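Peer 1: Per TrEMBL, the features are:
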TRANSMEM  6-24  transmembrane segment
REGION    31-101  region 'Disordered'
COMPBIAS  31-40  compositional bias 'Basic and acidic residues'
COMPBIAS  65-79  compositional bias 'Basic and acidic residues'
COMPBIAS  80-95  compositional bias 'Polar residues'
DOMAIN    113-404  domain 'Membrane insertase YidC N-terminal'
TRANSMEM  415-435  transmembrane segment
DOMAIN    415-593  domain 'Membrane insertase YidC/Oxa/ALB C-terminal'
TRANSMEM  481-501  transmembrane segment
TRANSMEM  554-579  transmembrane segment
Amino acid sequence: MENQRLFLIIGIAIIGIMLFKNWGDFQAQTDKKPNIEKSGRPSISKESSNDNKKVVDGNNNDSVADVKKSSATDSKKISNDVSKASPTDRPSLTKNRPAVRSGAFIKSESKGRIKITTDVFSIEIDKLGADIRQVDLLKYSVSKNDKSPFRIMLDKSSRYYVTESGFDMDKGLDFMAPATFRKSTYTTTTQNNYQLENGKNSVSVDFVWTSSNGVKVVKTFTFFRGRYDINVKYKVINHSKKVWFGAMFQQITRAQYADSGQSMFLPTYMGGAIHTKEEGYEKFDFSEIKENDMLTRKDLESTEEAWVAMLQHYFVGAWILSKEDLKKHTKVRVFSSYDATRVFYSLVMRWTPKEIKPGNEQEFSARFYVGPKDQVKMGELAKGLDLTVDYGILSIISKLLFWLLTMFHSVIGNWGFAIILLTILVKGIFFKLSATSYRSMAKMRKLNPRMKQLKERHGDNRQAYSMAIQEMFKKEKVNPLGGCLPILVQIPVFIALYWVLLESVELRQAPFIFWIQDLSTKDPFFILPILMGVTMFLQHKLNPPQLDPMQQKIMMALPIVFTVFFMFFSSGLVLYWLVNNILSISQQWYITKQTTGEENLFS
């Protein structure tokens, strides 16, 4: 029994450390503020300015000259591949190319917006670059009190989050080359608003750009009914007299700011992620990039299964490359860049440069997903995209529990009752293990008077007392760890279920009953946490009393401590713990009564 209490105390300590760490992470995200001088502009130190001239490649620091040299080598390789074209037909590479583009590349100007509305989106695309600058998710409101659509993307500096795609107009592999093509102004029809009409399953919008020498680019966005993936197709028609070179890119750029969907006690991941066939799924935390205060890049080659994404609680934005268009030497680069007030983080994916001869044309395509972390739909779109719902190392168990949860919801139609049924099912699976644990604890409770007598008999002779206790356990066939080991076996399942309830977007603003109208937020009246604290107190009364006075005080304080913690947890999580405690009390009360024969177990 002493060991069991020790395990519990250790567990409490671990929880406290984790909460303190999460609090620090949360503060780090919310307190990202620049140093403002009297002029109102951020002060930039010489050290910070110099850092912008550096490049990080893995763990090595390379000078700007080294990067230029590397870029020149890459350009030479590409040039050899397209040697059939005459020298006069090849566009010249920009000289003195900067290794790092400053924050100025973040486009704040506009050439007019086109608005597209579907059943799930309200999207604004700027004619400058023909890029998405604002996205409202019509089926997800800001909160229960604010019914306006959740705005996931916009181009305001305080909450900057946009996507760009197009071509870098050079034949090299240097990502940091000035891309004047990105600032080109596209034309559309005179129509400024597009609506997905009733009876139709898609709506397409064409943006056209034509160069002075006759190269025509048609960028087509196709939006689908009931879907959050957008098809982006490029058609390049070379009407010029020269060979056209261009490398397609997809880019997501955002600022770091506090995620409205998280709390101090339950912070969730906000940052970047990529997936390739070679490396699999890999996350890039904002803090890791900012620690270096300089460019961070990661170059990979892939032939399939490539995407880049920006993650936040419940939602994700991701560029997905099709297997048909994805070729070798695709580069995935992660870098940070400063604007006037904040740090902007970008994920960039760049294709192998292509050659289109005069009179020819070629098509390129990719998909952009922006919306909820729907595991089923994202899993169908691209391999590994469902991993953005981060269940950690217990994802196999979590996915099974999530599937069961959705099955219950499909029958009942209420996520709260689905959580209750899932809790009952999990408790039923571990019924025998729990019975073993409670039976062992009941035997310890029955032996408690004899343990008190032994303690009084041996006084301060701890060695004699310990030997007497072991002899008694052996004689009565009681295993002091018997109540602890079955509980340890269940811990992975409980942790997996915890992450399911925390990460699933389906529970966002999902009502239960009465005052619980959002299972993803805390109980507004703290009724569930208080009830959970009461059940913890009742469980404590069922357990064998602790002989040590200090440990008795600790055990008595635990229900209060956990009640305070759970006041800030989501209602869905507290509901799970409350139901689990009620079931545990019922089973433990029955077993303890049968074992000890006591009438009043809660006295």
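Just so you know, glycine gets a Cβ as well, placed from its N, Cα and C.
Looking at the shown structure, can you explain where the listed features end up?
Peer 2: Averaged across the domain 'Membrane insertase YidC N-terminal' (113-404), pLDDT in this predicted model comes to 82.
Away from its own ends, the transmembrane segment (415-435) comes close to residues 401, 404-406, 408-409, 486-487, 489-490, 493-494, 497, 501, 506-507, 510-513, 516, 519, 572, 575-576, 579-580, 583-584, 587-588, 591 of its chain (Cβ-Cβ under 8 Å, at least six residues beyond either end).
Here the transmembrane segment (481-501) has Cβ contacts under 8 Å with residues 1, 3-4, 7, 390-392, 394, 397-398, 401-402, 405, 419, 422-423, 426, 429-430, 433-434, 436-441, 444, 507, 570, 572-573, 576 of the same chain, all six or more residues outside its ends.
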